[in-house]
Amino acid sequence: AATAPRIPPTRLALHHFDVNYSLQLKDLWPSVRVGLLCEQKYGALLNNFAAVDHVTQELELLEAADFVSEAPKKAQRSQRGAAAEEAGRGESMSQEGSGEGRTVMQAETMTQAEMSPPLLASVGSNIKCYTFPKGNITRFRPARPDTLGLLNYYLMDAASLLPVLALNVQPDDLVLDLCAAPGGKTLALLQTGVCGHLAANDVSISRTKRLYEILHSYIPREIRETVSVTSYDGRDWGQLEGGTFHKVLVDVPCTTDRHSVMEQDNNIFHRRRTKERQMLPMLQLQLLMAGILATKPGGEVVYSTCSLSPLQNEYVIE
């Protein structure tokens, strides 16, 4: 008897996204689709614990720029442009009132926009991540150790830093990274240099081993002593250490959209993982609730995924 041909999980993933994201994103989906299918571009997260002055110079000579410090500048320019456009519309609609009054109102608008908390969080961050400009397909060379054996930068998707920046860690904060492995966000949290204590947890023991390797490759021993690495089921954390942390990062397992359309290995769209994929929103909700319970009164929780799916994002939060 003939057997049905096996459809690769990458094709199943792309078909699933075509059906669902085309309805969600409408005219934006074709360009987003191209982005998902393009080769991944990495950012170089500088290791503040290594000697990196010469590395910064080398990267800038290659036309790479620190997107963390550049983002607020770009946002401010955009906000100034929007404010100017708004002022221009107001002037064209009415000639009443003095020009001086309009200028003051525009300046106040820009000041409020420029001093918004997300921008302040980025400006005050010690995190530096270099990326190449749009259209530049240069690849970063492998990281090299300094005289103490610490690697000078960590290659990661630059967007993965956004949850860390949003967490806005303050001096002496007790911080929990609930789903920490393989370790990029944990490493970024340590680059802030202000964590009072960092708890890095992941349910997977094999992935936790990778986390240990990253810590030993990038972080000096005296800083590693401020980090506790565990392999508990994150859903139980609220019962283990409830009301303990000032800041909690809940970067949950998800469909990992880019991986799903590009890689066959460990692909959640494999047919044998169908039920696991369908149960993801429930798992994500349970992890988020555990993160909230682990947070001190008045603390902050950041929830993040690597997926465009509303079921795994907005609906979990709501």
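Cβ atoms here come from the backbone N, Cα and C positions, even for glycine.
Because TrEMBL annotations are produced automatically, they should be read as predictions rather than curated entries.
As the structure is a computational prediction, the values presented were derived from the model and not from experiment.
Copied over from TrEMBL, here are the features:
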type	residues	note
DOMAIN	63-318	domain 'SAM-dependent MTase RsmB/NOP-type'
REGION	73-103	region 'Disordered'
COMPBIAS	78-97	compositional bias 'Low complexity'
BINDING	CYS179, ALA180, ALA181, PRO182, GLY183, GLY184, LYS185, ASP202, ASP233, ASP251	S-adenosyl-L-methionine binding site
ACT_SITE	CYS306	active site, nucleophile
So for CYS179 (S-adenosyl-L-methionine binding site), how many other CB atoms are inside 10 Å of its CB?
22
If we count other C-beta atoms within 10 Å, could you say which of the recorded positions ALA181, CYS306 has the fewest?
CYS306
Other than its own, how many Cβ atoms are within 10 Å of the Cβ belonging to GLY183 (S-adenosyl-L-methionine binding site)?
25
Inter-residue Cα distance where the pair is LYS185 (S-adenosyl-L-methionine binding site) and CYS306 (active site, nucleophile), in Å:
13
For S-adenosyl-L-methionine, whose listed binding residues are CYS179, ALA180, ALA181, PRO182, GLY183, GLY184, LYS185, ASP202, ASP233, ASP251, the greatest C-alpha pairwise distance in Å:
20
How does the model score the domain 'SAM-dependent MTase RsmB/NOP-type' (63-318) in terms of mean pLDDT?
86
